[in-house]
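Residues annotated as signal peptide in Swiss-Prot, with sequence analysis given as evidence: 1-17. The feature domain 'FZ' is assigned by Swiss-Prot to 20-144. Marked as N-linked glycosylation site by Swiss-Prot: Asn39, Asn213. Per Swiss-Prot, the feature region 'Disordered' maps to 138-175. Here Swiss-Prot flags 237-257, 269-289, 313-333, 355-375, 399-419, 450-470, 498-518 as transmembrane segment. Among the features that Swiss-Prot reports, topological domain 'Cytoplasmic' is placed at 258-268, 334-354, 420-449, 519-578, with the record citing a curator's inference.
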Amino acid sequence: MLLRISVLFLLLGSCGALFGKRQKCEQITIPLCKGIGYNMTSFPNSYGHEKQEEAGLEVHQFYPLVEVGCFQHLKFFLCTMYTPICQENYDKPILPCMELCVEARSKCSPIMAKYGFRWPETLSCEALPKMSDQMSTGNICAAPPDTPKKQHKGHHHKNQNQNQNQNHNYSPDGPEVGISKIDNEVIAGPSECQCTCNQPFQFVASEKSKVGNVTNCAYSCHSPALAESHSLVSNWMAFWSITCCVLASFTFLTFLIETDRFQYPERPIFMLAFCQLMVAVGFMIRYFVGHEEIACDSMRIKGADDNSGSLCFVVFLLTYFFGMAASVWWVILSLTWVLSAASKWSPEAISSFSFHFHVVGWCLPAIQTVLVIVFNAIDGDPITGICYVGNTDLQFQRIFVLFPLLVYFIVGVLFLVIGFCNLWSIRNEVQKQHPSLESAHKITQLMSKIGIFSLLYTIPSLLIICVLFYEQNHRSLWEQSQLCSCSPKQTIGDSSLIISLIKTCCMCILGWTSGFWVCSTKTLSSWKNAICCLGSSRSLPKYQPADILYAKSDMSSSQFYNTSLRHNHLYGGIPDKL
C-alpha cells in the first residue's frame, strides 16, 4: 500500500513538472536576424536545431536572396522560421503566418526559377498557421501589417501544385536546406540542358560575378574537395616562402656588402633576388594572417567584382608585380650575357645602359599591374588563399599571367642560347690559340655556372607555364561539369591540390637560384670582412697612413709612385678592385 502511494505521488509530481514547464527565451545572436522588430527567440526550433549557431548556418545560405530584394519582408519571414518569436507569457514559439510565406514565395520564386532553383521544401507554407484562424485555433502567428490577408485562388492553386511536384522529388532522409542545396533540376524539363549555380559554388547577388557563363555565381571561400588538405597547403607554403626569403635576402645583402665585385652582365641577378624576396614576403603574409582574412568575403572567395581589402591588395602587389618584375629581369640578364659574349661588350659599356634596364625592369610590370587593377582582375584562390590574377577567371589568367610569362620565357631562353653558343665558340678559339692559358678554363667555369643557373631558373618557369596551360584546358571542363546538368561529372580535388602545390613551389624556388650564384669562398670572405668592420668601423679609420722612406733623387722617378702605392695598407671591408 505504501509503495502504491509513493508511485502515485511520483507520477503526480512528474505531470505537474511537465505541465508547468515553460519555454525559455534567449537573445537573438544570429547577425542576419538582428534588428528586425523582435530580439527574443527560443530553441529548439521547428527544424530541430538546438542552438542558434546551427540555425545561423542554414538561414545565412538565403542571404543572397535577401540581397536581391525580391520581397521587402523576406528577412523577417526567414528569421521567424529559423528563430521563432518568443513571448514569456505564451508557451509556444510564434511562427510566421502562411499569408506572409505565400507572399514571399510568389515574389521570390520567379527570381529563383530564373537561375534554375525551386522554392525549398524547408520553407513550405501549408504547415504554417493562417492569420484568419488565430481566433478559432489559438495559434498566434507573426506577419507585418501590410501582409495580404487573402490569396488569389489561382495563385494558391499554382503554389499548391508546385509544392506537390516538390514533394514528388522529396527525399525520405530529410529536406535539403539552403539555396546552395536546393534541387537543381531544370524547371523547363529534364530533357533540356541548362547551366545554373549550385554546389560547390555560391549564389551571389551581383550579376558581375560569374563562374564560366553562369552569372550570380562565385567560388566558395574554401575548395570543398580539399577540406582535409588546408594544413598541408599552409605548411607547404610556409616552407618554401621562408626558405626563399632567407636565401634571397642572403643574395641581395651579399650584393650590398660588395657592390663593386658584381658588375654587368651578372648584376641583374641581384635585382631578380630582390623581386623573389618580395614574392616570398607576400606568401608569408598569407601564411601568418590566414586564408579567410586574405582571400575570402564571408562564405565565398573574393572575386573580380569585389573591392579587395587592403591585405588582399598587398599580397597581390607583392606576388604579381614583383613576380612579373623577376621575369623581366631574367630577360635583361639574358640580354646582358648576349651583349657580353656575342658582341664583346665590356662591363663598363653594358653598365652605361643601366638606367634603361631599370626603366624596363620596373615600368613594364608596373603597367601590367595597373591594367590588372583597371580591369578588376584581382581575385582569391580557394585553395591557397593567395590574392592573385586568374584564380577564378580563366580569361584574366590567360591575358595577365600566361601570355606575359610565356613571352618573357621565350625571349629570355632565346637570348640565353645565343650567349651560350657565343661563349662556346670563344672558348674553342682560346683553346686553339693558347691551350696553356688559364682563360679557357675560366670560360669553361663561367659556362658551367651559367648553365646550372639557367637550368635552375628555366625548369621552374617552364613548370609554371605548363601548369597554367593545364588549368586553361581542364578547369573550364570541371566548372561546366558542376554547373550544367547534361555535362559528365568530373572531380578535380587531387589534381587541383597538386597544381597549387607546384605553383607555390615554383614561384618561391626561383629565389634559390640567385643564392647559387653567390655561393663561393669570396662571398664568405666578404661576409667575414663586413661583420668584422661592423665592430671596428667606429674606432679605426679605413686607411692607415704608412711611413715611406725615400731618397730625394727618387722623387722625380716613376718608380717612386709605384713604390708608395705598395706601402699603403688597406683594411678589411674595402674591395680590392676600385
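Every residue number used here counts from 1 along the chain in the order it is shown.
Cβ atoms here come from the backbone N, Cα and C positions, even for glycine.
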Glycosylation sites compared (Asn39, Asn213) - highest count of Cβ atoms within 10 Å: Asn39
Local confidence of the topological domain 'Cytoplasmic' (258-268) - pLDDT mean: 79
Long-range neighbours of the topological domain 'Cytoplasmic' (334-354), counting only residues six or more past its ends (CB under 8 A): 263-268, 411-416, 418-420, 422-423, 426, 450
Between Asn39 (N-linked glycosylation site) and Asn213 (N-linked glycosylation site), the C-alpha gap once rounded to whole angstrom: 41
Long-range environment of the topological domain 'Cytoplasmic' (258-268) - Cβ separation under 8 angstroms, sequence gap at least 6: 329-330, 332-333, 336-337, 339-340, 347, 350-351, 354, 357, 361, 517, 522, 526, 530, 575, 577-578
